[in-house]
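Trainee: The signal peptide annotation in TrEMBL covers 1-27. Among the features that TrEMBL reports, domain 'Aminoacyl-transfer RNA synthetases class-II family profile' is placed at 62-417. If you look up TrEMBL, you'll see 131, 132, 133, 158, 174, 178, 327, 331, 332 marked as L-histidine binding site.
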């Protein structure tokens with residue numbers, strides 16, 4: 001019995017008492033059946049576990065429970081986001097929460113170390129998905145899909161130090177929109193930026209700015225400044241931290257930790273301070289270093305075309321060409337963008353919110369080809385909405401304003417002032433449910449009328465229908481407005497129509 005060696009000493013007494021029980025009917029003599037011994041061991045282990053004095057019920061770091069109040073707010077945010085995706089013609093889809101580890105590795109640069117690996121359960125090395133983009137690319141390659149406009153809402157996992165106070169978690173929800181297929185330059189890219197603007201404007205989070213750049217401009221800038229090609233991705237990852245770190249700290253990381261020559265870092269510093277509109281794009285065409293780099297010129301040409309489309313969409317004033325934007329993920333190949341909220345003066349009682357970017361994305365033309373046996377590419381561009389950070393902002397503002405959230409959508413409550421009317425209430429509520437009306441009643445045979453009315457007031461139910469002996473005798477039902485406390489008698493056969501009419505007017 002190897003299990004016995006694993007038992008703590010406190011469990012031995014419980015185990016001994018189990019084993020001294022009389023043998024079961026199928027056993028002979030003092031020989032115990034295996035099931036009886038196994039039961040004894042299991043019981044002893046359970047008791048030992050229950051006796052642990054330091055056991056604390058908690059959730060893992062970087063995760064959170066969502067209360068009914070939280071879910072109401074979250075669903076409103078998601079409804080707005082998804083309705084925008086659908087308005088632009090996207091189809092919904094889903095992928096497994098975990099993928100083969102080899103599918104995910106070497107797609108995220110330095111961030112690959114943040115993936116959650118799962119214990120081998122059956123000959124496959126698996127990891128929880130890090131984002132929704134790589135699984136989408138795998139789906140396209142596996143199913144030989146060449147053209148698709150899709151949205152995907154789902155959880156992803158990243159093993160990083162969580163910053164809960166800024167809406168950063170290890171487990172969080174992403175809302176992605178992507179356009180896959182070969183199209184004329186910058187038209188899908190411009191639509192992605194338009195979608196971003198529509199969602200952020202619709203959520204009424206305040207003023208925002210979308211920074212744009214191009215990976216070809218970033219790589220061209222590195223080459224023109226003298227960065228060795230072997231260090232491009234590592235230096236790109238450092239530049240990507242400029243939204244969280246000061247330039248001097250980023251410069252120190254590039255020089256001291258990544259071995260970049262100080263004069264090369266200083267040349268990069270001259271560029272990453274630059275941001276502006278289409279005029280900056282024109283200016284970079286004349287830059288003595290960038291104008292000599294073919295990659296950079298291609299990127300600048302596409303950005304110029306992009307700004308033309310953004311002007312036609314009426315959103316050019318929300319877009320800033322920002323040379324400090326790098327987007328550290330390895331799979332980006334063209335235009336990249338990131339939306340940030342602009343700090344506004346805080347109102348009385350509000351704390352300044354610093355949540356970083358609330359949406360981001362870009363073009364990744366080579367990712368699908370990594371999964372295709374013949375290397376066939378499917379150009380893609382997309383965006384991701386940072387739901388957790390947006391939710392954090394909305395939640396903080398609601399706390400400050402003291403806003404209350406109604407957690408149910410119940411429209412009508414079925415009540416009675418008398419005893420022994422459960423059957424009539426059940427008949428009445430069935431009639432309402434069958435008509436598509438959201439209705440509730442108390443799960444008691446004889447509830448007090450005051451208790452029922454108080455429940456309606458506390459949960460925000462607008463209407464009460466009341467049935468009693470008098471109403472049953474006269475063939476009517478009373479409808480009570482919870483807000484005004486006015487009551488009116490309606491013929492039973494007209495009840496559903498009357499309720500629907502009232503609800504449509506509210």
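Placement of Cβ uses the backbone N, Cα and C atoms for every residue, glycine included.
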Trainee: Which value in Å gives the longest Cα to Cα span across the L-histidine site residues 131, 132, 133, 158, 174, 178, 327, 331, 332 as recorded?
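Mentor: 21 Å is the greatest Cα spacing among the residues binding L-histidine.
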Trainee: Including all protein chains shown, what's the count of other C-beta atoms within 10 A of the C-beta of residue 174 (L-histidine binding site)?
Mentor: 18
Trainee: How many neighbouring Cβ atoms, not counting its own, are there within 10 Å of the Cβ of residue 131 (L-histidine binding site)?
Mentor: 20
Trainee: I'd like to know the mean pLDDT over the domain 'Aminoacyl-transfer RNA synthetases class-II family profile' (62-417).
Mentor: 90
Trainee: Using all protein chains in view, find how many other C-beta atoms are within 10 Å of the C-beta of residue 327 (L-histidine binding site).
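Mentor: By my count, 22.
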Trainee: Same-chain residues six or more away whose CB lies under 8 A from the CB of residue 332 (L-histidine binding site)?
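Mentor: Correct list: 215, 362, 363, 364.
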